[in-house]
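Going by TrEMBL, these are the annotated features:
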type     : residues : note
TRANSMEM : 14-33    : transmembrane segment
TRANSMEM : 63-83    : transmembrane segment
TRANSMEM : 112-136  : transmembrane segment
TRANSMEM : 209-231  : transmembrane segment
TRANSMEM : 252-272  : transmembrane segment
TRANSMEM : 284-315  : transmembrane segment
DOMAIN   : 323-428  : domain 'FAD-binding FR-type'
TRANSMEM : 541-563  : transmembrane segment
TRANSMEM : 583-604  : transmembrane segment
Amino acid sequence: MVLGEMNKKVIKNVINLLTMVILMGTVVIWIMMPTSTYKKIWLKSMRAKLGKSIYFGKPGVNLLVYMFPMILLAFLGSIHLHLKKQTTVNQFNSGGVERKKRDKFGALKRPMLVKGLGIVTVTEVMFLTMFMSLLLWSLANYFYYTFVTITPQTIPIDGHNLWQARLDSIAVRLGLTGNICLGFLFYPVSRGSSLLAAVGLTSESSTRYHIWLGHLVMTLLTSHGLCYCIYWISTNQVSQMLEWDRTGISHLAGEITLVAGLVMWATTFPAIRRRFFEVFFYTHYLYIVFMLFFVFHVGISYALISFPGFYIFIVDRFLRFLQSRNNVKLVSARVLPCETVELNFSKSPMLMYSPTSILFVNIPSISKLQWHPFTIISSSKLEPKKLSVMIKSQGKWSTKLNHMLAYSDQIDHLAVSVEGPYGPASTDYLRHQSLVMVSGGSGITPFISIIRDLLYVSSTSACKIPKITLICAFKTSSDLSMLNLILPVSTEISSYVDIQIKAFVTRDKVSTCNMNIIKTLCFKPHSSDQPISPILGPNSWLWLATILSSSFVIFIIIIAIISRYHIYPIDQSSKKYTSAYTSLIYLLAISISVVATSTVAMLCNKKSYYNKKDQNIDDLLSLLMIESSPGQLLPKFTNIHYGERPNLNKLLVGLKGSSVGVLVCGPRKMREEVAKICSFGSAENLQFESISFSW
């Protein structure tokens with residue numbers, strides 16, 4: 001056992017060392033890329049050694065320099081997370097030394113900016129500053145090169161003015177800088193990515209990085225396109241807009257790329273996205289058109305610079321597709337008086353997830369194409385055979401679901417598909433002496449899963465559970481019925497944790513609803529319905545590492561064979577191989593390798609979790625029927641304040657304890673108010689964390 005732990009420690013140290021080397025090398029490459037030193041010396045040297053390969057040719061340089069390191073980094077991240085998964089509850093109780101080590105970095109997670117870009121922590125400001133510095137550095141180098149090399153003496157005698165020649169060069173440089181942003185665009189939306197989980201990020205917390213990068217990409221690429229339009233018009237070369245060069249840059253492909261990007265960009269602004277979510281959702285599938293014609297526009301060799309993130313996204317997207325093909329067992333539903341529905345699914349005991357995880361749900365009878373994320377309120381440790389989500393009626397889709405279940409007693413089966421769960425690789429709430437959770441409306445959902453998880457930890461280990469204070473604000477008294485979902489019935493809360501609930505009802509002066517009236521519906525799953533299970537089994541990170549490495553190796557082998565025996569002989573003749581065909585071959589090779597390896601990995605794991613004897617549905621149903629009658633455990637821990645809003649400054653400032661975890665989930669104004677109280681330079685003991693699900 002000791003030897004095994006030592007081996008794991010050695011492997012982790014090796015992974016950390018390799019990761020640092022790869023990151024440092026990648027940063028150096030990105031910094032040097034816009035310089036003349038890189039283009040005239042580094043790139044020239046690499047192309048002399050690798051670019052003449054009969055197996056890879058010119059794209060081989062960017063495969064090695066840009067794509068291989070990031071795939072290797074994702075592979076190492078998966079191995080690291082697999083080893084980290086062995087973490088037990090005892091590690092949370094490792095003593096004051098470990099707690100002090102973690103608290104040293106607590107200041108880096110404190111809010112530094114509250115408005116404008118949203119709630120931005122010190123760490124995020126640091127990385128944002130570094131990334132913007134990289135962009136400014138690139139633009140400065142590119143523009144300097146333009147104005148130094150393009151002078152009245154160097155302009156070719158073709159009738160062009162100095163400003164036109166410089167505009168042509170600037171347009172190219174804007175496109176090159178936009179490609180830097182594009183290189184990072186897909187990392188934040190790869191929900192099951194090991195790169196996100198390895199640095200403690202989740203897909204929902206990273207969505208705003210995707211939004212920021214998307215704005216930068218479209219700003220730069222739109223500027224790139226406009227500059228070229230002005231250039232072509234001013235030089236009487238409008239016909240260039242329809243040119244599709246056989247071996248070089250295809251202008252028409254670039255224009256198709258830009259139009260697809262502009263359509264997506266137009267629907268991302270809050271006023272449109274929130275009012276017409278379906279339009280936003282469907283138009284985002286144009287990313288396929290965008291990336292396909294982007295590759296046709298610049299050629300596969302240059303596209304490989306920004307392709308690692310897209311490659312990882314393709315792997316993640318196909319695994320999600322495989323998971324979503326099966327219907328899952330929906331066992332029951334509970335309809336609360338506040339137009340809120342709890343869906344209870346059968347779950348494989350081997351499926352483990354962290355508190356605050358989310359599940360994407362699709363119900364074909366409402367919409368075959370729409371997928372919506374909902375917070376999981378159950379604990380995979382406390383409830384190993386059940387997974388529950390809570391859905392508040394706030395849009396058309398959720399309102400239809402609530403109406404369907406609330407006003408019909410004839411439904412005995414509901415077809416549901418899911419993707420996920422997705423959440424943090426691990427949580428460390430036990431490092432705090434006390435936890436203060438601030439919620440608004442349905443923002444209470446992630447805190448339900450945290451409380452249930454802490455209940456399990458307290459009942460199975462000797463570690464001390466932090467004192468819990470839940471401050472929840474609701475609009476009406478009917479919303480108080482959500483408190484009935486905090487813990488499973490028959491759980492003796494007083495013997496496990498110290499919890500206090502402060503509920504505020506803002507619109508009602510007195511209770512106007514019996515919050516114990518809950519309608520329960522039991523469903524009869526079809527024989528083809530499956531419990532929610534991990535698509536890659538219990539060792540999902542290890543299997544993801546296998547998929548990433550094997551698919552990339554297969555991709556390389558396919559390209560090497562085709563290049564050697566098909567592309568290279570044609571290139572050696574007088575007739576050069578068409579750029580679009582080369583790009584298409586690379587894209588097909590990537591698709592084949594990802595589909596093949598992911599499918600094999602899924603089939604290898606399918607037997608292990610589908611052939612096992614399923615839990616008794618009748619027992620699960622009886623348990624859920626008991627839970628449909630709310631217990632009387634919470635009232636003695638709950639103080640309800642009618643007709644007032646919580647004074648968060650009064651409730652949070654002055655809290656005692658060296659480490660107080662402050663978590664907030666709710667409307668934007670509430671999150672910003674809590675963030676301001678806990679911001680950098682304020683109370684040192686308040687450790688802030690915002691949980692936002694603004695998709």
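Glycine is treated like the rest: Cβ placed from N, Cα and C.
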Cβ-based contact of the transmembrane segment (284-315) with the transmembrane segment (583-604), 3 or more pairs under 8 Å: yes
Intrachain residues whose Cβ lies under 8 Å of the transmembrane segment (541-563), provided they are six or more past its termini: 54-57, 63, 68, 71, 74-75, 78-79, 81-82, 85, 192, 194, 311-312, 315, 319, 585-586, 589-590, 592-594, 596-598, 601, 604-605
Averaged pLDDT score, the domain 'FAD-binding FR-type' (323-428): 89
Counts by DSSP class (helix H/G/I, strand E/B, coil) across the domain 'FAD-binding FR-type' (323-428): 13 helix, 39 strand, 54 coil
